[in-house]
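Asks: Below you'll find the structure I mean.
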There are 2 protein chains.
Amino acid sequence: MLAQLPPALQKLHLPLRLKLWDGNEFDLGTDPSVTIVVKDPSLVSDFSHPSLDLLGSAFVEGRLELEGSISEVMRVCDELTAALVDEDDNVVPVRTEHDKETDAKSISYHYDLSNAFYQLWLDKEMVYSCAYFKTGHETLEQAQQDKFDHLCRKLRLKPGEYLLDVGCGWGGLARFAAREYGVKVFGITLSREQLALARDRVKAEGLEDRVELQLLDYRDLPQDGRFDKIVSVGMFEHVGHANLELYAKCLFGAVKEGGLVMNHGITAKHTDGRPVGRGAGDFIDRYVFPNGELPHLSMITGFISEAGLEVVDVESLRLHYARTLDHWSMRLEEKLDVAAAMVPEQALRIFRLYLAGCAYAFSKGWINLHQILAVKPRPDGSHDLPWTRDDLYA
Amino acid sequence: MLAQLPPALQKLHLPLRLKLWDGNEFDLGTDPSVTIVVKDPSLVSDFSHPSLDLLGSAFVEGRLELEGSISEVMRVCDELTAALVDEDDNVVPVRTEHDKETDAKSISYHYDLSNAFYQLWLDKEMVYSCAYFKTGHETLEQAQQDKFDHLCRKLRLKPGEYLLDVGCGWGGLARFAAREYGVKVFGITLSREQLALARDRVKAEGLEDRVELQLLDYRDLPQDGRFDKIVSVGMFEHVGHANLELYAKCLFGAVKEGGLVMNHGITAKHTDGRPVGRGAGDFIDRYVFPNGELPHLSMITGFISEAGLEVVDVESLRLHYARTLDHWSMRLEEKLDVAAAMVPEQALRIFRLYLAGCAYAFSKGWINLHQILAVKPRPDGSHDLPWTRDDLYA
C-alpha cells in the first residue's frame, strides 16, 4: 500500500501522517502534528503535485479529512506543497466581467450566508475586516474599536460632517462614527442579511436620525460631491480590476472638494495581481469570494490618482490582519459544534480553511492590507490636512 | 503697435503689463503686479500660445525680462498660459536611455554648478530636498533638521546599525544619522563637488570613522545585503523610468533581510509620468535636471514591490516642498547680486524660475513628494517593525 505513494512524497520530512482509506498509515517524519486522512483512493496520484487548492477542495468535498490544529494544518500543508509544487505555476487568472448583477450575486453568496454564523466568531460589533492592534496583545473587541478610531482619526472626522461608508457590512463603523465623532453617515451594502441586521442595530441604538443604510451599488452613488468624507473598508477587493477605474471615479464624484477618501483593503503581492501561495487564491475564488480580485497597491493608488484624488497616507497592516484572522479562526474552532447547526457542512469546511489559510497567507506576505488615504484637492491645489500625522497619535 | 498683439491676448484680464521693445505698453488688467518686457519682436506671435516652457526659455535666453516678485511672476504667467494653452497638449515625453555615463553627466550638470551658490540659499547643512514643517511656521534650518529626524525615526535607526545613503548630497543626513543615532553610514553621490565638500564636513566634525562617502553609481552598490537600512532622498527622480526596476533591485540586494528602505522623492501627477503644467516640465528637463524623470507613486511602489520589498508606510509632503522651495526662492531673491558673481547669468535666470516655479507646481499639485518606506521581509514573512507608527510621534 505504501508503495503506492508517489516517490516524491516519500522523500519528504514533515510532521505529517497520511492515513489511507484502508487503514494504512505513512509518516513523513517523526511526531506528526497533522494527519491527512485520504478517503478517496484517486487522490493519491494527485499527491505528487498537491496544490493548496487541491488539498482544500478535496477537504471541502469530503474526499479527505484534516486532523490537528487548523493553524498547524495550514503550516504543514504549505510545507508539503512548497516541496512539491513550483510557485511559478501561478499565472494571472482570467478576470471576469463585473456588472451589478454578478456583483450582487457574489456578495450575497458570501455575506448572506448566516448572520448567526458570523456572530459566532466575529466580535460583538461584527467587524469583518482587519483590526488594529496597538501592541499586539489587545483583545479582538478592543482592536476592532481601535481600528474604527484609527480610521476616523485618519479621516479627521468632525461633528456634523457627512460620511459615506461604502460596503458598510453590519454597520459597526457607521454607528461608531456617528456616536463617537458626531457625523451623519450614509452606508451602502449589497448584502440583504447585513442590511437587515445593521438597520436593527442602528434602531436599537437610537441612531436612525444620523445613520442611513441602503442596499445600493457603488455605481449608483450620487455624483454631486455631497459627502465630506468617504470610508471604504474591505470593499475594493470585490470591484474587479476592470472596474477599479470606474470605482475610483465614483468615489471622486461623491466626495466634495477638499474631502478625504479612505480605502482600506487587501492588496496583492504582485503588480499584475497574480496570486502567490500555490493555488490558495484559486480556492478562495472558487469557494469563498467568487469574482474577488485583489489589486496591488500600485494598481489601486494608480486608479485613485487618475480619478483626481491625491494619495497622502498609506499604511500596511498586514500582520494585524494575520492576528485578526487568528482570532476569528480560533473562535470558530472553539465552536464547531454550534457552527455545524448553522451552516451546511461544506460551508463550515470552507470557512475553517479560509480563516486559518488567510491568517497564514498574511503572515507569510502572500497578501497584504493597506489603508490608503487620499484627498480631493481644491482646484488651486489646497486642502485642509494638517502638516503632520501627529494628530493621529495624540 | 498694440494691434500687433494676438487677439486672444487682448481679451484676457490679468494683472499683467506687456512692455514692448519699442516702449509701447499694454495692460491686460488694472494694477498690473507683473511686467513682461518683450525684447525680441519675434516673440509676439508666440504669445498666442505661450507655454511656461516658452516664457521660461525666452527669459533664460534674455529675449524677455520678468518684473515683479518672482512668486507673483509664476502665478500670473500660469494664469496667462492657462487661459491660452490646452493642458492636453502634454504628451508623455520620449524617455532617454540612462547609462552610467549619461547619468554622471546629468548629475554633474546640476550639482557641480557651484557649492558657494548652493550655500547662498540652502540652509547651513545644505539640505537640498523637501523639509518637514511640523506646524508650517518653523525656520528652514529647523524644518530640515526635523526632516532628518523624521527619516531616521521612520527607519527606526539604532546605534551600531549600518546605513546606506544613496545620493548623499553634501552629507547632511549622513552626519546627522551618525551623530544623533549612532549609526555607521556609507554615502554615495555622482557629484564631485558635493563629495569634496561633504568629506570636508565629515572631517571637520570628526566623523571619519563612522561616515564614509564615495563617488559611486547605484548600479555598483554591493549586493550582499550588508546594510541594515537604506535611505534615498531626492534620488529616484534621476534614475529614469527604464531603470527604476534595476534601481529597486539594487536597493533590495544591498539591504539585509528584515531591513528597511526609505525612498523620499518627487512623484508625477499621472501614472504614466506625463507632466502637467503646460510645458513647465519641458523647461525643467531642458535647463534644470536633464534626463530627470518623475515616476508616479504607483510606478515606484510597483518596482519596489516586484523587487521583493514590501511597502509599509507612505506619506505625502507636497505642501512641505512648496514651503521649502518658497524659502529657497526667497533666500536667493534676496541675494541676487551676490549670486550673480558666482554663476553665469543664464544659470541664475534658470534657478530663479526653477525655484519659484517648483514652489508653485507643488502648491498646485502638478507634482508631489512621497516618503515611501519599505521592508525586506524575512523568508517567513516576518519583520521587526512595531505594530503602529506611534513611535514616530512619541
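Note: Cβ is positioned from N, Cα and C throughout, glycine not excepted.
Here TrEMBL flags B:12-77 as domain 'DUF7884'. If you look up TrEMBL, you'll see B:CYS358 marked as active site.
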Asks: Averaged over the domain 'DUF7884' (B:12-77), what pLDDT does the prediction give?
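Replies: Here the mean pLDDT over the domain 'DUF7884' (B:12-77) amounts to 92.
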Asks: Within 10 Å of the Cβ of B:CYS358 (active site), how many other Cβ atoms are there?
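Replies: B:CYS358 (active site): 25 neighbouring Cβ atoms within 10 Å.
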Asks: Tally of helix, strand and coil residues over the domain 'DUF7884' (B:12-77) according to DSSP?
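Replies: Secondary-structure composition of the domain 'DUF7884' (B:12-77): 21 helix, 17 strand, 28 coil.
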Asks: State the three-class DSSP label for the residue listed as 'active site', counting H, G and I as helix, E and B as strand, and everything else as coil.
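Replies: In the DSSP reduction, the residue listed as 'active site' maps to helix.
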